[in-house]
Amino acid sequence: MNKFASALVLAAICLAGVSAQCPRIVTRAQWGARAASTSQLPIRPAPWVVMHHTAGAHCTTDAACAQQMRNIQSFHMDGNGWADIGYNFLVGENGAAYEGRGWGRQGAHAPGYNDRSVGMGVMGTFTNGIPNAAARNAAQQLISCGVSLGHIASNYWLIGHRQAVATACPGNAFFNEIRNWPRFNPNV
């Protein structure tokens, strides 16, 4: 019995360490996602993280961010004809991360990288200003969380969406910000 109790204590300490690195993650059920069917990510752990902005409305409350997630999912599924929201995760300026396709699922966010990356973004437009500190911290914690959980390779590379395809995403200001983040790769 002592071995079993010791194992439980050790497991609890390990799980506490992992969850301490993760931001608050709002599940698909919690934000009201529609049912979807997406493919498994074929290359795991993902060697790339592709950072985006949604080029839409900002959100700073749980209710507004959940509504924005539903709006983006509807646009991606109904307007683009995709199987689901294109991103693996989005972050709101309320400091929460929102599960899109989630870990281990292939996204539809960056042609040429969808089968080997985790697509993360911040809800809002960041051409002239950067996301607030809560969103930036949550995004960086989410990357660390993915590494800790084994979904993102420890030697991953971070890029902005514009490095994968001709686009303004993730906005000039935010792109200049992520260039200072750990593991940013300027030479894609």
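Every residue number used here counts from 1 along the chain in the order it is shown.
Glycine residues also receive a Cβ, built from the backbone N, Cα and C atoms like all the rest.
Per TrEMBL, the cysteine from CYS145, CYS169 that shares a disulfide bond with CYS22 is CYS145. In the disulfide annotation of TrEMBL, CYS65 is paired with CYS59 out of the candidates CYS14, CYS59. The two recorded residues CYS65 (disulfide bond) and CYS145 (disulfide bond) have their Cα atoms spaced 21 Å from each other.
If you take the Cα of CYS22 (disulfide bond) and the Cα of CYS59 (disulfide bond), they are about 20 angstrom apart, rounded to a whole number.
The predicted model assigns the domain 'Peptidoglycan recognition protein family' (23-165) a mean pLDDT of 97.
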